[in-house]
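First comes the structure, then the notes that go with it.
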């Protein structure tokens, strides 16, 4: 929807119309939810999906003049309609709608892999490696230390012995390293940004996914004796991880070659293929204990770099994703636990702000060392603040690994992710705008230079 | 995954690797396949599995009704005239009423355990499902046998404008048993009006959001969003999502300046959605669930045949274009398919058990019977009327890669070579809407068939 990337400014009248329609939709859903008995049936889910699709789109149009990304509009619509504000969409419906996450993540990973063009990645490989090292180490160490120091602010850690608190702090440090591929791609799809900053951020975020998954598995093994006294370090997790990573890359390569062949020979009905991959293949990969995100990312990478079908795949994914993203982020907004955020806001704010600051410092240092251009030096860390599904997923894995932590750990993860989920996309869009890489900024620049040089040839926004 | 595969096959059927004019016009082969795979016959698909697909089926049915609504009152040659539109609606209502009355009476004899409201819902449901003539069958005959003329045009117009009546009847039947009455006693006509109102309101919202500039991706979002909201909201109240989305489609078609683009956008989705729906409908069939089901279906079928024959006589009387036809004109309008089966499945999901089973079975029986009688009778009628050329008895194999004047592939879906379509004038010398006649000597390029021995 917004992925269409329409960059024309819209008039006040159009915004008023959108606001009016949005109010009407809220009124209609309000009447629907209050007037009928079908509280948990499929009808509620269908209506909520339609509503979030429309309301997310309209809200994204309304926040656009404020300079906010469309993602913020989708999330805002979800928050307002969700179970904690207007209660138009209840918990059960939100959970039912989360099924779309599988499709959204498949599209995100496919697009992410396809965006990584080998010749571009080669150019920034040294820079990415240095950024990865510094971002990972500094954020991990910094957040581990801050979490440990601030443990008295966090109810479920305050009561733990010192060693166990240190173990939880290590887990938190790993979580802080995770970023959001979905938010990054969502912003890039909306703004149609292209340029060094967009490519740098994308390459970093997509590769950091592998680093984080590895770190999570290692840390779970390492901190087990700290959190659960009496237990020993087990290498089983690492064995499982090795199998998962290598197997995922192998399956992704095969899938990528298959996709490339399909695109070349048939090349039609890609939306049905994506649905099959998103729902069917994801479920199968989960059953076989492979990482679906890594599989699809590898597949996208293979199609882009080992065949001539990359652009075709990328366009098809972007078209499909523009619809799926609305529902994905609006549902994420509805998922936000506002009462929890209210209870844990001091800790969430401290951890969120310190993560953002350390990310920024690490970005500056690594940019200097890598000799990045000034643009990257200034804005490289702005796209690394977002967190979303991956972080929550890792939090769940850790909670399952250490049931003694209870629901407090998950609650804090959700609260911090909520903070970063709202703040991150705004920062990233701001950075892309300032860097002149979004379609609007690029066309502005082009128009400016065109008028200056009286060049009459219309310029492409990209 | 099976449904996705079927949907995928359906997309190719509409896309051109298979041909319109081949296969069965009503798609009843998929109903039979679903029945064979379903819990009643082979049991390869269990009942619990079917219930998992109910939300998907709800959405698919609503989407199909939206597509039908967008095309309502339009034939291939443009907007159907008000007289033919009124005749189409009136005939479908009349046929539906005759079948409904017959079923109501018969249910009093065969199914005395049903209550008064159940009998009424049943009668309305069967009347709705048996009221229409499927536009697919008419288009199938016209395309396969290259029929052109006033009678073909008349029957095509009537088939394109007779969906409103059955859907209205369905709306009334659903309104008889709303899910959310609370303490209020709301009359049936108010619930029906609410159903229509929801469709109109969301249709208008879609028109406003589609706005003055038409962008494909945004339009998909608007159409999907409004459709899902319409389907979900009406279903929450126990009202008919099909009527609501149909009305929404009509509203969009009437109010949006982009009707052509919207229809072009959604029309290719019809077949990929329809085939899984037909399969699911077949799988839901339980003909021996109650002893009265088969007798009721027979009564409904007999009443439909009689009512259609009567409708044919009416058409002969009021339409000069049909004045020279035989009394069997009504048999040519016996085909039913997509809409009938959709309504049958809709009733089966909304009223699971006796009523739903009976309506679905009657729809399936009418569809399969219509498959054998309708196209054959129609072809015979059109041949007698001189609207089918003798040379086209055996349809020509299409050129798969013919190109339009602007280079786009256009003839994959038609058994008629593109050059013939573009060069052949319609009666009265008018050209096909949306096409530009080629200069006479120009031949469109075709790729020779492999079996021709070409390199």
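Glycine is treated like the rest: Cβ placed from N, Cα and C.
Between the listed ranges A:292-308, A:343-359, A:360-376, TrEMBL ties the annotation transmembrane segment to A:292-308. Against the transmembrane segment (A:320-338), stretch A:71-89 has more CB pairs under 8 A than any other of A:39-59, A:71-89, A:128-150.
Scored by C-beta pairs under 8 angstroms, the transmembrane segment (A:128-150) has its highest count with A:156-177, from the stretches A:16-33, A:156-177, A:197-223, A:292-308. Under 8 Å from some Cβ of the transmembrane segment (A:39-59) lie the Cβ atoms of residues 1-2, 18-19, 21-22, 25-26, 29, 32-33, 73-74, 76-78, 80-81, 88-90, 92-94, 96-97, 100, 323, 326-327, 329-331, 334, all in the same chain and six or more residues away from its ends. Among the recorded stretches A:95-116, A:243-263, A:292-308, the one sharing the largest number of Cβ pairs closer than 8 Å with the transmembrane segment (A:197-223) is A:95-116. Residues 102, 105-106, 108-118, 181, 206, 209-210, 213, 245, 248-249, 251-253, 255-257, 259-260, 263-264, 277, 281-282, 285-286, 314, 317, 390 of the same chain lie 6 or more positions beyond the ends of the transmembrane segment (A:292-308) yet place their CB under 8 Å from a CB of it. Sequence-distant contacts of the transmembrane segment (A:243-263) (same chain, at least 6 residues past either end, Cβ-Cβ under 8 Å): 113, 210, 213-214, 270, 273, 277, 281, 285, 288-291, 294-303, 306-307, 309, 312-313.
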